[in-house]
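Asker: Please read through the structure below; I'll follow up with questions.
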Amino acid sequence: MAGMKTATGDYIDSSWELRVFIGEEDPEAESLTLRVTGESHIGGVLLKIVEEIKRKQDWSDHAIWWEQKRQWLLQTHWTLDKYGILADARLFFGPQHRPVILRLPNRRALRLRASFSQPLFQAMVAICRLLSIRHPEEMSLLRAPEKEKKKKKEKEPEEEVYDLTKVVLVGGVAPASFRGMPAHFSDSAQTEACYHMLSRPQPPPDPLLLQRLPRPSSLLDKTQLHSRWLDSSRCLMQQGIKAGDTLWLRFKYYSFFDLDPKTDPVRLTQLYEQARWDLLLEEIDCTEEEMMVFAALQYHINKLSQSGEVDEPAGTDSGLDDLDLALSNLEVKLEGSAPTDMLDSLTTIPELKDHLRIFRPRKLTLKGYRQHWVVFKETTLSYYKSQDEAPGEPIQQLNLKGCEVVPDVNVSGQKFCIKLLVPSPEGMSEIYLRCQDEQQYARWMAGCRLASKGRTMADSSYSSEVQAILAFLSLQRTGGGGGGSGNHPQGPDASAEGLNPYGLVAPRFQRKFKAKQLTPRILEAHQNVAQLSLSEAQLRFIQAWQSLPDFGISYVVVRFKGSRKDEILGIANNRLIRIDLSVGDVVKTWRFSNMRQWNVNWDIRQVAIEFDEHINVAFSCVSASCRIVHEYIGGYIFLSTRERARGEELDEDLFLQLTGGHEAF
């Protein structure tokens, strides 16, 4: 028994004194001293601490933090010897859940209690459960960017911070619904207001504020965001996060599974907000026509949100049935993520045959587009000088598996081009296909996109892909093509009220156009979406965002093995992209479906990947930790294993196995 003394007061056993500080990491925190032995287990030490404090309260959330080892002592049956704790250990007895401020995708601030002792992935599951967001595996936390020091001390405007620190959910029990919202949000007017903030789109930002916010001016600037992601396999405490710190909550993985407006109002709204701010802050590029469509959708969504039309459709349109089918398949999956239809192998593979204009940019050439007879079968594109020569040898045959497919469209100018970057021994071979009209473009574009993923036009998703492309093009078409609704007047005079175009477009368009030039263009585009309900408009916005060429690419500065210069590595949901840093051109693409294995040498901070056909790629990370690249690859592979039949069941162990590293902390 610890603490046996002789008559003179000397200890005669193997006990020793252990000092424990009470509270969070604070040099001035009060402390108490316990008499323990190496055989004392953590549970017994916790009991002694509570007895010494002599204060009645709920201590169930408290645990011991070992400062030197950056470790929580959560195994209460382990002894001090097993942990390796000696008398010089700095131990803190404090709560495992502590308040943090989250900056949400809609840019609003929310204070809640997060776990500082569990791996971040598990903490995210709890946070998303509190916020009523399904599929927490798609989200993560970033460190807030450091604030620039200003020469003049400007008084920061006061910001409303919503508070959920007093809301506690019972573990293992699905939150009940009450009055159309999760029951824990209906406890008070404050929590109810918080739910409305989460589930309803925010009004357009102040144009002056929008111009002052930092925006990336180059591809290099876009890499800075991705250096701030927290490690999913370590807890907040291990990563230096303190109580009261501000963190950003964002969708990290651009693979959105089973997006349902009925069950996902918060997830849908926050995803829309992240897409909206990506466009407004120029994190992703779009054309002038596309920006007008995005502005019109924002204007329409804001009108419905302000009028209180949250769930009821603003009109009906039989033509939306096919679009709804396309939207239901918006999840982006890796190849092989689900078994292919058995009937696919029994049917004949559809072909595309048509006249297209083709252009192959080469150095020192002035030749433009030339018309050819083009045949597209399975994943192979062949083109001939004329239709009569088709049975013979083609001018060129291209296998599109693993290629980059980039749209180059101007609807008002009747320009429907497809840019293909096809892998070749010399790098990426560039070729342009010019289509005659929207229908031809949609068929060929859908075929190219599927072929790039190794799938053919016999795939069940081909028709929905064609419809989704046509739907996006129809939004860019000028004139009232959407069919009106009596509840939403179509005329510019009736719709212009409250429209400030500068809050709906990126700053580069603010500089290019005056407000009186933007307003009629936005209202004209609005006629194509005026019949949509709020959730339909948000889904259409997300779909249009997903159609952009640069959608879903996270950028990191790396240096490839054997190279003397830095380059950009783009990480998408199904591929890695090598990009020239100086000009932004794609140099090479590697598909995850062709990847055999990857590993990280934590000592030299190098990622090595092996692909089929004995292709080996190795690089060191410059702008971010190689852990971030490792986690992206493992995370996307994990997301590809999700199946609709399993519902919301989440294999946390598999995620941590695929994304967790062995980095020496």
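Placement of Cβ uses the backbone N, Cα and C atoms for every residue, glycine included.
Okay, so Swiss-Prot annotates it like this:
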- Y11: phosphotyrosine (MOD_RES)
- 229-556: domain 'FERM' (DOMAIN)
- 354-453: domain 'PH' (DOMAIN)
- Y502: phosphotyrosine (MOD_RES)
- T589: phosphothreonine (MOD_RES)
Asker: Which residues, sitting 6 or more apart from T589 (phosphothreonine) on the same chain, put a CB under 8 Å from its CB?
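Answerer: The list for T589 (phosphothreonine) reads G402, C403, E404, L421, P423, M428, R575, L576, I577, R578, given in order along the sequence.
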Asker: Within 10 Å of the Cβ of Y502 (phosphotyrosine), how many other Cβ atoms can you find? Include all protein chains, please.
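Answerer: Its Cβ has 20 other Cβ atoms within 10 Å.
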Asker: Quick one: DSSP breakdown of the domain 'PH' (354-453) into helix, strand and coil?
Answerer: 18 helix, 49 strand, 33 coil
Asker: Across the domain 'PH' (354-453), what does the pLDDT come to on average, as a whole number?
Answerer: 88
